[in-house]
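First comes the structure, then the notes that go with it.
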Amino acid sequence: MTKVLVVDDEASISGAVSYALRREGYTVETAADGQEALDQVEMFKPDVMVLDVMMPKLSGYEVCRKLEGRPSRPAILLLTVKNDIVDKVLGLELGADDYMTKPFDMRELVARVKALTRRGPRAIPANSGEAQERIRLGGLTIHLLNRTVHAGDTLIDLTPKEFDILALLAGHPGRVYSREALLEQVWDMDFAGGTRTVDMHVQRLRKKLGPWNDCIQTVYGIGYKSVELSS
């Protein structure tokens, strides 16, 4: 059963979100501040974290920073009262997978949580077909059904958006995707300044791919593509 951690210092919001998610069959725990959120990530091991930005002790942004690179890092949906594009981009650059602005529609929040717990259809290669369960790129094996990536026998821990970027590029070797196209297909959004978010996620993805980071190449002035490297 999918586990969701709801982090908000407003008990009314935390309670309402938790109730809505439990009705959808999720196992839910809550935290009231950033430090408690970090503790719960280690103990509860959530698949998704609904994370408020403005909180005592540690902000949502600080929580994102501290979770960077952790194997136990969940997918993160940020909640913010600010509708400033700079705040949205900052959250995404720090590794958040999605964001919503308060006040929000509860049905939309549940839908976004669902989207973070399943394979994103916009990021699956167009030529994959129902029968194809994996993509090979150099020494990498990308498993589409369980959303895991292996380099040989080694599991590479990726965030949902990192996986979606890799699956999309690897599914179309040699095809150049602009930053705007990646933002639209992986994040399903289009906003000025958001292309920096793509660069930050690709940078982190390459770092995690280790010796296979050259499978993802920059096309200067445009975006990115995947290339086959001999294993």
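Residue positions begin at 1 at the first shown residue.
Here the Cβ of each residue, glycine as well, is placed from N, Cα and C on the backbone.
Unlike curated records, TrEMBL annotations are generated automatically.
According to TrEMBL, the domain 'Response regulatory' annotation covers 3-117. Residues or ranges marked as 4-aspartylphosphate by TrEMBL: Asp52. Residues annotated as domain 'OmpR/PhoB-type' in TrEMBL: 132-228. The feature DNA-binding region is assigned by TrEMBL to 132-228.
Residue counts for the DNA-binding region (132-228) under DSSP, helix first, then strand, then coil, are 41 helix, 25 strand, 31 coil. In the three-state DSSP reading, Asp52 (4-aspartylphosphate) counts as strand.
In this view, Asp52 (4-aspartylphosphate) is surrounded by 26 other Cβ atoms within 10 Å of its Cβ, with every protein chain counted.
DSSP assignment over the domain 'Response regulatory' (3-117) gives 52 helix, 25 strand, 38 coil.
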